[in-house]
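Taken verbatim from TrEMBL:
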type	residues	note
TRANSMEM	B:39-60	transmembrane segment
TRANSMEM	B:80-101	transmembrane segment
TRANSMEM	B:113-139	transmembrane segment
TRANSMEM	B:159-181	transmembrane segment
TRANSMEM	B:220-240	transmembrane segment
TRANSMEM	B:260-280	transmembrane segment
TRANSMEM	B:301-322	transmembrane segment
TRANSMEM	B:342-359	transmembrane segment
TRANSMEM	B:371-392	transmembrane segment
TRANSMEM	B:412-429	transmembrane segment
Amino acid sequence: MAEINKKFLVGVYDDEDIALAAVNKIKSAGVKIYEVYSPFAIHGMDTAIGHPRSRIGIAAFCFGVVGFLCALTLTTWTMGIDWPMVIGGKDPLSYPNYVPAMFELTVLFTAFGMTFTFFISNGLGPTVKPLLFDPRCTDNKFIMAIDLSKNKLSETEIENLIKASGAEEVSVKQL
Amino acid sequence: MHVTSPVRTPLVTGGKTYADVTEDICKQVEGKPTKEWKVAFVISLAVLAYGTVCLFWTWWEGLGVWGLNKTVGWAWDITNFVWWVGIGHAGTLISAILLLFRQKWRTSINRAAEAMTIFAVLCAASFILMHMGRPWLAYWALPLPNTFGSLWVNFNSPLVWDVFAISTYFSVSCLFWYVGLVPDLATIRDRAQNKVSKYIYGVLSLGWNGSARTWSRYEYISLILAGLSTPLVLSVHTIVSMDFATSVIPGWHTTIFPPYFVAGAIFSGFAMVQNLMLVTRVVYKLEDYITFEHIESMNKIITLTGSIVGVAYLTEFFIAWYSGVEYESYAFYNRMAGPYWWAYWAMMTCNVISPQLFWSRKIRRSVKWTFFISVIVNIGMWFERFVIIVTSLHRDYVPSSWAMFSPTMFDIGDYIFSFGFFFTCFFLFSKYLPVINMAEVKGVIKSTSEKLPLKVSGVSKAERLASPAYKKDAE
């Protein structure tokens, strides 16, 4: 992992509004923020830190298309090519009747494809050891981590910035 | 984080802070099982054991042990199946449709409702397996290459659509539920005291650490999953209704079935959520999270969907008369005044009249009334399916084939099995997993709680309100 042997400054905040304001304040001072950890989603936090917009919607759409094509192939092959049968006096290939199965398979592929893309792209998995700067980030605290090697300002300058932005505690963490 | 108008009543009462939310929910998971829980669990296990014996005998002997006859070939099995599938609609409705509508009150009830959905769909699926008679051949319903001359499943058949709909619905519901659970499992992992639970919740929480990047994608996929689940949940009961509606049996062959079944499903699902949540809220002391506001909102949905169901009943009658089809007219006349009149009127009373009591604010905010009417609604919805299935079948085309259906102890025992299974699962869930979505509740606590959390670490409330982020959101 890229984080090995790096020094981080960790600020602990008590409130999501203060944390969000702090991110804006510290960013405007020219400091790059590594990440903010929170017990729940804070709207606008990802853009405030400067994370790019997620492209997972595109992945979801692609999985949906794959699911639909699989369903189309399955129904066409089984009903029309491999063993065509006239049922209820209708053409062996009666696509309107296959809409339910196609719809369900499209949804199934989209949901699972997208969610597993999410797990993989965020490095989530049953054997993953979580990178926790402070375990309270899953309870009630908002944790800001700043990678010192990625910033030009000195440690004390950044520490003062974090303190001034309303942090309860500031600590150094070596990974 | 938008600012809610002060007129709106708070969703979380008692001035809870984020730490309080964690503590209140996690202590149920971390503590030793209470005596009440143990008693309830043992009872549900006993019920399950009795049901399992009945089910074993049903499979051992064959479906002849049921009360079915040549005329009434579907009775309690499919009634129970449709009833459980219907109940299984509330969870996804709450978490998906209410998410799309930005209804914040869903946050306190969505976790338990989704769990209930999953267990209810499993119960429904068990009746599919049961009524096959030879459950070991259930895989015949899947489009698998086979040795019968490459004959495939018939994609023109609503029964095959059902296989796809129910299995997709079940898997996507599980996925949606699990994704929502991951942040809360991480909370439990970080609080866990002993090694075993730290390991188990650690594996289940997939290394979640609540980074902003993960949260933003999490929100994104939750929205897409909600967008997918909404048509999915509507499709499931639509397809279930097509099992009947695409047939030529008078009483089944009606185009009103899909919307009418979907409304009925939401109706019974919410009633079941009420029953479970009213008990959970008292036992786990969650009155600050599941408030009268939540109960009232759910009751309003019950009244709405109950009224839709009522209108559907009347429309069916009107169309039976207006169409001039005498077989259709007779089927409906026979429902109302034939030998099964009691089932019909039980359905009408329970489903159409009882939810109208919720027009009274006093009744819809009363725990006792809500619990009572919810039970009545579910009885009524069971009778609805019984009326549709049995009364449409029992008068066959030739009067010499007319028959009545009476259940045997195995019809009843197999139904009891599903209750035992459902409650066993629900008790296990309520003990070992957080019953309320902590992360989502924390997310709405500030905009909707009675007061803002007091601790602000050196920054005054005025300063905080003046912060650029807060102002921007207020705009």
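Quick reminder: no glycine exception, Cβ is built from N, Cα and C everywhere.
Predicted automatically and left uncurated, TrEMBL annotations should be read as such.
The transmembrane segment (B:412-429) shares the most Cβ pairs under 8 Å with B:113-139, out of the stretches B:113-139, B:159-181, B:371-392. Residues 109-110, 113-118, 120-121, 123-124, 127-128, 131, 166, 169, 173, 176-177, 180, 222-223, 225-227, 229-230, 232-233, 236-237, 240, 261-262, 264-270, 272-273, 378, 381-382, 385, 389, 414-415, 418, 422 of the same chain lie 6+ residues outside the transmembrane segment (B:80-101) yet bring a C-beta within less than 8 angstroms of a C-beta in it. When each of B:220-240, B:260-280, B:301-322, B:371-392 is checked for Cβ pairs under 8 Å to the transmembrane segment (B:342-359), B:371-392 comes out on top. Away from its own ends, the transmembrane segment (B:159-181) comes close to residues 85, 88, 91-92, 95-96, 110-111, 114-115, 117-118, 121-122, 124-125, 128, 141-143, 153, 204, 218, 221-222, 225-226, 228-229, 232-233, 235-236, 239-240, 242-243, 433-434, 437, 440 of its chain (Cβ-Cβ under 8 Å, at least six residues beyond either end). Panel annotation: around the transmembrane segment (B:301-322), residues 254, 256, 259-260, 263-264, 266-267, 270-271, 274, 328-329, 331-332, 336, 348, 351-352, 354-356, 358-359, 364, 373-374, 377, 384 of the same chain, lying at least six beyond its termini, place a Cβ under 8 Å from a Cβ of the stretch.
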